[in-house]
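Read through the structure below, which is laid out as structure tokens, and then see the notes.
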Amino acid sequence: MAAEVYFGDLELFEPFDHPEESIPKPVHTRFKDDDGDEEDENGVGDAELRERLRQCEETIEQLRAENQELKRKLNILTRPSGILVNDTKLDGPILQILFMNNAISKQYHQEIEEFVSNLVKRFEEQQKNDVEKTSFNLLPQPSSIVLEEDHKVEESCAIKNNKEAFSVVGSVLYFTNFCLDKLGQPLLNENPQLSEGWEIPKYHQVFSHIVSLEGQEIQVKAKRPKPHCFNCGSEEHQMKDCPMPRNAARISEKRKEYMDACGEANNQNFQQRYHAEEVEERFGRFKPGVISEELQDALGVTDKSLPPFIYRMRQLGYPPGWLKEAELENSGLALYDGKDGTDGETEVGEIQQNKSVTYDLSKLVNYPGFNISTPRGIPDEWRIFGSIPMQACQQKDVFANYLTSNFQAPGVKSGNKRSSSHSSPGSPKKQKNESNSAGSPADMELDSDMEVPHGSQSSESFQFQPPLPPDTPPLPRGTPPPVFTPPLPKGTPPLTPSDSPQTRTASGAVDEDALTLEELEEQQRRIWAALEQAESVNSDSDVPVDTPLTGNSVASSPCPNELDLPVPEGKTSEKQTLDEPEVPEIFTKKSEAGHASSPDSEVTSLCQKEKAELAPVNTEGALLDNGSVVPNCDISNGGSQKLFPADTSPSTATKIHSPIPDMSKFATGITPFEFENMAESTGMYLRIRSLLKNSPRNQQKNKKASE
């Protein structure tokens, strides 16, 4: 491949280089056709001359186009100007390759460049190995490839097609260390991303501000100031780390300036909170069912016609979005606080019922022409819009009745619950209400396993069930009661004749969970004093024969709920006969002996005394139709074994209702607390007990008690 291509002197092309303005216009020779005889004699007509003239003009235009194409190729082949090299043999251009618009040149362009670069590397390696090798200095000679146009193209093709078929798309000058591309590399499928070596350039941003038009000024927002110390003004540390003494006036002034600057930089939205009330005020002018003048203009309707969406609503129904706004949803949470009331209690299945949605009928929207009658003077054009006439089921009052009947309000539901509780004789709710009306003080102390007979009573008197396996060994005779005694039930009357208000307050309506350690200790001392006084008063009394106590039984709690009702002799004898096979022998001996000085007799006497006091007001004791009495006293048999009626079973009895669920429902997955570190915990409580006395909660209690 030759180093240069020689086309001759440039002056040869100058006669063809005329500017467009200086191009002479063809002047047509006008021939006068006055005499037809002269035309025939000369043998040359006007038609032939005009045809020759047209051909000459086409030839001139074609030569000018070829001249411009040759000039462009000559500019491509000329040596680049402005490049100065020290050694033209090594530093000058190695070769120049012209890439034509051919599929082969586009496909193998990268391989051609790699071949040239490999040649340069091979030459450099040879120079390193043999420096003294003679180099060939050839004279410049014309290129072996002649840039000629393909003359096989038909002459009928236009000049424009020839240009497109033989246009140069790339011209690369290869030097030793670099290459110079004058026209650009060819693109693969005209896509620079698919062509190797092509990268989309990334330009640096020169203008950081908006360029304004002539005569206009653009207000540029102030930049947010950098945080700095409000005390000394340094940006290296914050105010909390400032070593300088604090200047309150300067700090306040700088903080205010910083906040103002931040507010201006953020368009007065710096550290502003989002409130729902602002949204309501913002869209407060929009009301459902009310069409404003702007909306009428936007819809293209007047106040003398119904909006088109009204006719569509007749087919789709009431908008579900506004129906959602009218929902009143109950949380379904039930509060078990142990208090006797119907406000925070729920029955079985009541939570699922409360989850049903209710609606506030006052929030139903009025839509004239949909759920209320169309105003007078406004026509109903439902046929034009392809809709349906007003439906009676979509009227507001009919829709409200539908919501009321299918989605009951909370008040109606609670009323139904009360009526159902009163109508069912064996429901737990009815039993609870009866116990509340009777004012039973020990209703909360009943065991959850204790049951009462159902409405269907049997003619037989109650019988004791066989004793359960003992949890703890029975206490021997003469053993004093244990140190820990349960607190008195809620509402238990005082056990001593003393009428002091302190005693009534301690044993009154104070919840045992809210008592402090000192109050519990004081209550324990009062219980012991009451037991000692009962022992001294009833030291000469004998225990009745039919007292339901075993020889080593200990009362777990006082039994104020048992009715002291007279029992016929026949019933008594029958009861004794039924009790003999099942009651242990020690029970008969102990009941006949009647030891008055033992703790069993003391507790029995105390239970009898309280029975006599509470008999007029207690209706909880289950008096059967045949006159037998079902005791409500929680009595232990053999230490911790309860005695229950014989005919008590799940099929014939209902469990006594308690507002607090059974502990077994809360004990799943709970690890029992082992009292290993109780000494440290108790000591810590005793240390901070003085601080707890002055707590706001205790101060409120003392204030209420004093009032």
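Each Cβ is built from the backbone N, Cα and C atoms, and glycine gets one as well.
Taken from Swiss-Prot, the feature region 'Disordered' applies to 16-44 (among others).
Per Swiss-Prot, the feature compositional bias 'Acidic residues' maps to 34-43.
According to Swiss-Prot, the feature region 'RBM7 binding' maps to 286-299 (among others). Predicted-model confidence for the region 'RBM7 binding' (286-299) is 88, expressed as mean pLDDT.
According to Swiss-Prot, the feature region 'RBM7 binding' maps to 309-324 (among others). Here the region 'RBM7 binding' (309-324) is broken down by DSSP into helix, strand and coil counts: 13 helix, 0 strand, 3 coil.
Look at Swiss-Prot and you will find 409-518 (among others) tagged as region 'Disordered'.
Residues or ranges marked as compositional bias 'Low complexity' by Swiss-Prot: 456-465.
The region 'Disordered' annotation in Swiss-Prot covers 531-607 (among others).
What Swiss-Prot records for 549-559 (among others) is compositional bias 'Polar residues'.
The annotation compositional bias 'Polar residues' is assigned in Swiss-Prot to 598-607 (among others).
Residues annotated as phosphoserine in Swiss-Prot: Ser598 (among others).
Positions annotated as region 'Disordered' by Swiss-Prot: 641-660 (among others).
Residues annotated as phosphoserine in Swiss-Prot: Ser649 (among others).
What Swiss-Prot records for Ser658 (among others) is phosphoserine.
Marked as region 'MTREX binding' by Swiss-Prot: 659-707.
When Cβ atoms from all protein chains are considered, those within 10 Å of Ser695 (phosphoserine) total 10, not counting its own. Mapped onto three states, the DSSP output places Ser695 (phosphoserine) in coil. Taken from Swiss-Prot, the feature phosphoserine covers Ser695 (among others), and the record attributes it to a large-scale study or a structure entry.
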